[in-house]
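K.L.:
Please find one structure pasted underneath; my questions will follow.
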Amino acid sequence: MDEEFFVTYFSATLNSLDIKMDALADILQPYKEIVGNVAAIVTIGQMFSGTFICYDIYKQKGTKGIGMVPFLGGIVLSILNLKYGYILRDDTMIQVNLFGLALNILYCLFYFQYTHEKMKVWGQMGLAGALSAGLIAYAQAEDPALVENRFGMIITALMFLLIAAPLFGLKDIIKKQSTEGMPFPMILSGTVVTFAWLVYGIILRNKFLVIQNMVAVLLCSVQLALFAIYPSKPKGNNKKAKAKKIN
């Protein structure tokens, strides 16, 4: 009885959300092109946030404490979203992800130039390439009537994993009481970008774009809250830096 009630309640909630989303989509429909252009512009701007990480690598002449995951994840998601853009026949998604793919390849080349763990990086690049190739092959082989939903679910899961990656070190962040190592520019710009795509997803009436970006905005907001709570450097490091200046 409880199970039937839960299923009925869940279905009713989803139907209610669909009705509200359709109503909002009707209101925003005249602004589709404007919102699409804004989403494209802020996404391209967000892609340049990787230059801040590259600058940090250049300053320390190495990649110590800086992972390659944001760049490799950017390549994988750009490839998959590019394919998804072709499935949806959405020019905005195609153009943005072509640019993102090119930019993230440049970031990876820069990272590879400075890393001292080239074999490890080769392995990570191989895994990213194999994952991308496997998922693209799946999209090609899948039933055209099902591929939009199923491929959208895969992209959503990978997107959540990439955005939530900095939170995997939450225990260390709390222990050190510092957000050191968390890419603030990418998180801040990611919040703006995911909100823009959330609005665009509502206009397109695409549930996957709406759900993935709604959760993404939430995850980015949690990470931004950590920057408000903890400093970017451990307190001990700040004291040492001040002591050196006094000496």
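Even glycines carry a Cβ here, placed using N, Cα and C.
The feature transmembrane segment is assigned by TrEMBL to 34-55, 67-87, 93-114, 121-139, 151-170, 182-203, 209-230.
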K.L.:
Do the transmembrane segment (182-203) and the transmembrane segment (121-139) come together with 3 or more C-beta pairs under 8 Å, pairs six or more apart in sequence?
P.N.:
no
K.L.:
Name the range, of those listed as 67-87, 121-139, 209-230, that has the largest tally of Cβ pairs under 8 Å with the transmembrane segment (151-170).
P.N.:
67-87
K.L.:
Where else in the chain does the transmembrane segment (67-87) make close Cβ contacts, counting only residues six or more beyond its ends and a cut-off under 8 Å?
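P.N.:
Hits for the transmembrane segment (67-87): 47, 50, 53, 93-94, 96-98, 100-101, 103-105, 107-108, 111, 115, 121, 124-125, 128, 131-132, 135-136, 139, 147-148, 151-152, 154-155, 158-159, 162, 165, 183, 186.
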